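Report on the following structure.
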Amino acid sequence: MRKINIFDTTLRDGEQSAGVNLNLHEKLEIARQLERLGVDIIEAGFPAASKGDFQAVQAIAQTVRNCSVTGLSRSVQSDIDAAWEALKDGAEPRLHVFIATSPIHMQYKLRMTPEQVVETAVESVRYAKKYFPIVQWSAEDACRSDLPFLATIVEKVIEAGANVINIPDTVGYITPKQYGDIFSFLKKNVRNIEKISLSAHCHDDLGMAVANSLAAIEAGATQIEGTINGIGERAGNAAIEEVAVALYIRKDYYQAETRLNLQEIKRTSSLVSKLTGMIVPANKAIVGKNAFAHESGIHQDGVLKEKTTYEIISPQLVGVQSNSMVLGKHSGRHAFRTRIQELGYSLTEEEVNRLFVRFKDLADKKKDITDDDLIALILDEKLDTYKNFYQLCSIQVQYGTNQIPTAVVVLKDGEGNDIQEAATGAGSVEALYNALEKALQLPVTLLDYRIESVGSGRDALAQVYVKVSLDRKEASGRGTAQDVLEASAKAYIHAVNRMFVIEKMKEEQALAAQ
């Protein structure tokens, strides 16, 4: 059975989703979980793009040991140099270098002739091989490229030393049969192609990213690129969990397999969703909350008699478990620490102590403490280690059916000064956000507001995700609390703080570049 490598680009292509801004600690947490999931390659970022990206790629390369870490690079020597500096301490450093090959990109974006593109591609691969034992070369917009030219440039970069050739459907344009035909054409018309690995990278603009990826495997691809939950620029990328489970369930047809630990899929999906603020649709294949739900009476009857009548995937296969109680208010520090370790999180003693206080506070208010509750606490506390410009001290909201909703908020700024403001609104959340905007004295615009429960029951935690903009800059934030309004206020302040952090990092990068 053929082995298919999984190349995860959640931290690079996935982070290009509108409104998603992950900090270093969040990227590290996702990278560790991807390692537990068992992906073969993690594309950690674009080292030359910014100081923040460089630091994240470097930190991930130094942390992850059970899979290869790579970074993206243009066909520019300075990009390749930056990538090597970021990746050189990794367990298996590799480079992903690209250049566009379609007529429209060469003419309008690169303003280069086909001959110049070939020369640049070859030079970049040769230069990269001085540093990297493994070099992956990508033909950006390959699916709108002239096939004879694509074959020519692929042959040249293989001669220059490329180990992996990636054929991206950059704009999600191709159909499964056409995509498979491209791989077949290259296998027939490129010398020495049997010496390298062929990779597929599909976008979902026409909803065919997973189908195209599977078609590429049928045509000989041995590496699939994608993201967790299919997140990414525009309509997203191929969802890794869908490709992997499809290969597992239909191994009779594809005769191919991955090394993924499928039971880590649900946990990985939930982590990425929580940190990016991109909620998984209920009907999403494999990881949506309705993926294993049966509403029809006929279906329910069949499943009760024999699960395989309608259930081709067992929930346990991908790590979906009943949300049972794990801890309570009488649980001690040792049990608390042990359960966190079992969930896959590594915490310092100081972090354990700080979280234990929050856990005890929650346990006094909430009867059953579930794994989802614990994970929400960890993410809420552990990952936001940067300096907060504003801190939420308290909120008070008055609301009645015949009253105008009124909110009072108290904040503390970065210098420790208290700020108190009050405002009204058409509803409780609007009153609260109007008060926060007055306190901040900033023209913050709310672009998106979403809420979901953590666990079930009337005492479930509320998790709120918001996206805000200020001066044409966007940032997302999240907040968790038993009270919806408190969670809403936390999410708003979290987003504003992140916006200031992002802006501060850009200023530092600009100064460093001078």
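Quick reminder: no glycine exception, Cβ is built from N, Cα and C everywhere.
In three-state terms derived from DSSP, N237 (Mn(2+) binding site) belongs to an extended strand segment. If you look up Swiss-Prot, you'll see D13, H201, H203, N237 marked as Mn(2+) binding site, on the strength of sequence analysis.
Marked as domain 'Pyruvate carboxyltransferase' by Swiss-Prot on the basis of sequence analysis: 4-266.
Taken from Swiss-Prot, the feature region 'Regulatory domain' applies to 391-514.
For D13 (Mn(2+) binding site), applying a Cβ distance below 8 Å and a minimum sequence separation of six or more within one chain yields E43, T227, G232, E233, N237. Other residues of the same chain near the Mn(2+) site, with their Cβ within 8 Å of the Cβ centroid of D13, H201, H203, N237, are T9, P168, D169, T170, C202, D204, A209, E225, G226, T227, G232, E233, G236, A238.
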